[in-house]
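Per TrEMBL, the features are as follows:
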type     : residues : note
COMPBIAS : 196-211  : compositional bias 'Basic and acidic residues'
COMPBIAS : 267-281  : compositional bias 'Basic and acidic residues'
COMPBIAS : 282-291  : compositional bias 'Low complexity'
REGION   : 170-234  : region 'Disordered'
REGION   : 261-300  : region 'Disordered'
Amino acid sequence: MADDAFADLANELYELPPDEFTAARNARAKELRGSDRDLANAVGELRRPSAPAWLVNQLARHRADELAQLLQLGEQLREAQAEVDASALVALAKERRKVVRALAQDAGELAEQLGHPVREPVLDDVADTLQAAMTDAAASEALLTGRLTRSLEAIGTEVDLTDAVAAWSGADGSARSGRPAPHDEVGEHRAKKQRKADEAEAAKRAAEVAKAEQAASTAEDAADEASARVDDAHAAVKEAASARDELRKALTELEQRLAEAEQALAESERTAGEREQERDAAASTAEAARASADELAARD
């Protein structure tokens with residue numbers, strides 16, 4: 001039952017943010033020394049998780065369904081690689097990039113929700129860890145423990161899990177970091193022998209897989225660039241349409257002002273004509289009056 005107690009304590013500790021881990025671990029180890037020294041020693045040896053490892057551990061706790069879907073996709077990818085199914089690999093590799101990118105982004109949002117936002121490099125390591133877990137079945141199991149101590153990286157089709165996940169090692173009361181379950185030495189020897197015998201086939205398969213994934217990546221990059229160009233073109237069209245509408249509005253306003261000015265000019269010209277007529281009439285009246293006055297003066 002010690003391993004169960006250890007798992008419960010480890011789960012509790014690895015749920016904590018990294019900056020709270022060490023103090024909490026030391027406190028729990030101290031509490032246990034009086035009742036279970038082996039368990040206390042095991043807890044005391046637990047490694048503080050890196051920021052990416054902590055965040056992936058939180059995905060295992062708070063995004064279990066999404067993580068399960070990602071790992072299921074990883075299993076499908078491994079099957080396609082084993083069968084050298086190039087067409088399936090292209091489709092699955094594209095889906096993998098999409099799913100990893102989405103879950104890494106979700107991890108960033110989760111970190112903010114938990115009150116411990118992280119920077120972009122941490123999310124890059126989270127994405128690498130998720131992709132590594134899809135590459136290797138043992139890495140998938142390690143991810144699901146929720147007790148990663150560091151981020152993971154795939155080297156070819158394998159992932160080194162040394163010091164990567166905290167686990168109970170046995171009655172000596174020490175914690176070990178490695179693969180979730182110990183390997184049978186005989187089985188390991190057979191596996192190594194089999195890998196050596198299949199080396200040529202594996203190399204060929206890996207080359208075909210790499211070629212298919214590269215083709216998928218190139219096609220996806222081209223699609224992204226084309227999509228970006230389409231977006232730029234749409235933005236240019238929208239901007240031009242907006243400028244056109246502004247010019248039309250300005251033209252309408254100018255036409256209205258021109259019509260008003262022409263109307264005002266016509267009214268001014270009409271008024272000027274009336275004033276000229278009034279002036280001429282007044283001048284005629286004045287001239288007639290002056291002539292009458294001169295005539296009267298001459299009589300006198």
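Just so you know, glycine gets a Cβ as well, placed from its N, Cα and C.
Here the structure is a predicted model, which means the values were calculated and not measured.
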For the compositional bias 'Basic and acidic residues' (267-281), what does DSSP give as the number of helix, strand and coil residues?
15 helix, 0 strand, 0 coil
How does the compositional bias 'Low complexity' (282-291) divide up by DSSP, counting helix, then strand, then coil residues?
10 helix, 0 strand, 0 coil
